[in-house]
Amino acid sequence: MGDEDWEAEILKPHVSSYVPVFEKDKYSSGANGDTFNRTSASSSEMEDGPSGRDHFMRSGFSSGRNLGNRDIGESSKRETTSTTGGFGRGKGFGNRGFLNNKFEEGDSSGFWKESTNDCEDTQTRSRGFSKRGGYPDGNDSEASGPFRRGGRDSEYDQDQGSQRGGGLFGSRKPAASDSGSGDTFQSRSGNARGAYKGLNEEVVTGSGKNSWKSEAEGGESSDIQGPKVTYIPPPPPEDEDSIFAHYQTGINFDKYDTILVEVSGHDAPPAILTFEEANLCQTLNNNIAKAGYTKLTPVQKYSIPIVLAGRDLMACAQTGSGKTAAFLLPILAHMMRDGITASRFKELQEPECIIVAPTRELINQIYLEARKFSFGTCVRAVVIYGGTQFGHSIRQIVQGCNILCATPGRLMDIIGKEKIGLKQVKYLVLDEADRMLDMGFGPEMKKLISCPGMPSKEQRQTLLFSATFPEEIQRLAGEFLKSNYLFVAVGQVGGACRDVQQSILQVGPVFKKRKLVEILRNIGDERPMVFVETKKKADFIATFLCQEKISTTSIHGDREQREREQALGDFRCGKCPVLVATSVAARGLDIENVQHVINFNLPSTIDEYVHRIGRTGRCGNTGRAISFFDTESDNHLAQPLVKVLSDAQQDVPAWLEEIAFSSYAPPSFSNSTRGAVFASFDTRKNFQGKNTLNTAGISSAQAPNPVDDESWD
């Protein structure tokens, strides 16, 4: 067909006799509201990446998930105009298609109208016409360029001056605005639910225009905007029994009394031995008793009086040792004593305490603890995090917010939109502070403390808690803490919990899957977590285990928040007794009865290894950690692993010692980013007092590297 014939075909009124058959549930989430189950895909699909969807090849019909931009027709450098039904103005064709499952005004194409309670954004892109078809702006009938769909390329049209961005799968660069006609074509670049760019970002998808936007950059209110994230998490249980459901302590809980604790800094207050010595109010004491707390852990004995005294604190204690209660209880005691300012009757909420953690699951866990200890008081805790509806976060805040628990991206987004005030902030808490201050979230945390209205570090109390504090992180902490802050070191700082039996197995890459199946079948009904390094690998291993008749689910940053919460729920209740995870689940998560941790892939740093195996052996319970050591990729961890195993009084394999001290292993005390010495004591040189710690662990000499393939927020 020549150019003239093609133009005439477009411009003439046309009534197609073709009636597409839409499989209503083919790409939808289903009647029950469940989203796609990633573990049900074939192993070949998980290993090779997402496959292209079948699409209609007639006059702009396509499936709900196109893969980019591709010219239809013989010429890509010619302006066309549409004035009749079918093309443009969102009527059947074009970038609008179906909007909220109903037709635009004046549409008469005869398709059904559908209503659904499913909140997922898939409903606007998986039914009806493609949003990638036709012109990019349904209100501009003069838009330049032919109808484009499919494909994966990007080109710049010199004749028309318009830029069309296609982008490969997972493209991290949004199409730039053009310098000519003002039309920007943007590719969907793969499916919408697997499209996290990086640390704090979420996908903004919509009618013909997509954009990668960070929450901190206003990703939910961009000029180029599609359907917002609509997931609203279910409310937590309100009955008292559920609120105060507590973790069962293990047989080794009493051994905490023998752990060495050192406090460095000026004029540290003495430790307390019982909750009664803290002089907390009666309501707090009642809530502590209901939660099943009878004895203080070492970090609580020293941290509670320090926080009550108003001192800044950096506390380093092993995983599962009660750090959350160590900062929540004294903060609540202060708020109960001094009174609160925020209430639901104020137009602008100004929380007194802000708690920040790197992952959604961890911050929700902290919120539940805050809700537990504040039960029956006038203090109201609120949690906000990415992957949930932005309006839902605002509604939670305006109802009253005294303690704000947040992930960094959503917190900066809320602050940027002036939904909260910071003038009343008295307490700033960074949980998993080493991760909060490293390359992943360091810039955002610096923005937070420099926000207008945020009290200076001299006017607020700042608390940093983690299981690991490398020396570089301690230096960065100087920007957040007063110069006279106190440093609490509990036990072997940066070391692994001795309640965890560690085993290192030398397993090559091709044998790992079969070895994993063998271990899982031998442990019977015990509940294991399997850690891998990448999101793709997590889904692949989960699929493989399901094929081996082992019920498995997965959690990682590319799964929608609804799916992440469902996966954790299925794992907790035993519906899926095996959880395959990336570093999203490595820090802080407190899941009862996790008896095994299996490192299918070892992490890049020893600090991350300590956090991973800390998911078991919590609160005095015993656990086991099995790690697959690959001599082709894990040699940099040989020396730090030997040190961690020795400090935890674990058996060290002879072959591992050989690798650690061979000439092929990196030197132990170097400035390399892997396997160097990390600080196991207060690194300040100018404080008055004696630091008696004389043990040195081995870890990264600098901040832990952010996990390249993981979305933390």
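Cβ coordinates are placed from backbone N, Cα and C, and glycine is handled just like the others.
Under the heading region 'Disordered', Swiss-Prot lists 23-240 (among others).
Under the heading compositional bias 'Polar residues', Swiss-Prot lists 29-44 (among others).
The compositional bias 'Gly residues' annotation in Swiss-Prot covers 85-95.
According to Swiss-Prot, the compositional bias 'Polar residues' annotation covers 178-190 (among others).
Residues or ranges marked as phosphoserine in Swiss-Prot: Ser207 (among others).
Annotation comment: Swiss-Prot describes Ser211 (among others) as phosphoserine.
Feature annotation from Swiss-Prot assigns region 'Interaction with RANBP9' to 213-232.
The motif 'Q motif' annotation in Swiss-Prot covers 273-301. Sequence-distant contacts of the motif 'Q motif' (273-301), counting only residues of its own chain at least 6 positions beyond either end whose CB sits under 8 Å from a CB of the stretch, comprise 240, 244, 246-247, 253-254, 256-257, 259, 261, 308, 315, 317, 321-323, 325-326, 329-330, 332-333, 336-337, 372-377, 488, 490-491.
The domain 'Helicase ATP-binding' annotation in Swiss-Prot covers 304-487 and rests on sequence analysis.
The local packing around Thr324 (ATP binding site), expressed as other Cβ atoms within 10 Å of its Cβ over all shown chains, amounts to 23. Marked as ATP binding site by Swiss-Prot on the basis of sequence analysis: Ala317, Gln318, Thr319, Gly320, Ser321, Gly322, Lys323, Thr324.
Residues belonging to the motif 'DEAD box' (431-434) score a mean pLDDT of 88 in the model. Annotation source Swiss-Prot lists motif 'DEAD box' at 431-434.
Positions annotated as domain 'Helicase C-terminal' by Swiss-Prot, on the basis of sequence analysis: 515-660.
Residues or ranges marked as region 'Disordered' in Swiss-Prot: 689-713 (among others).
The compositional bias 'Polar residues' feature in Swiss-Prot is assigned to 689-703 (among others).
Residues or ranges marked as phosphoserine in Swiss-Prot: Ser711 (among others).
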| task | Measure the Cβ-based neighbour count of Ser321 (ATP binding site), defined as the other Cβ atoms within 10 Å of its Cβ. | result | 23
| message | Rank the binding-site residues Gly320, Gly322 by how many other Cβ atoms lie within 10 Å of each Cβ and give me the one with the fewest. | response | Gly322
| task | Compile a sequence-ordered list of residues in the same chain as Ala317 (ATP binding site), six or more apart from it, whose Cβ lies below 8 A from its Cβ; state 'none' when nothing qualifies. | result | Thr297, Pro298, Val299, Lys323, Phe465, Ala467, Val488, Val490, Gly491
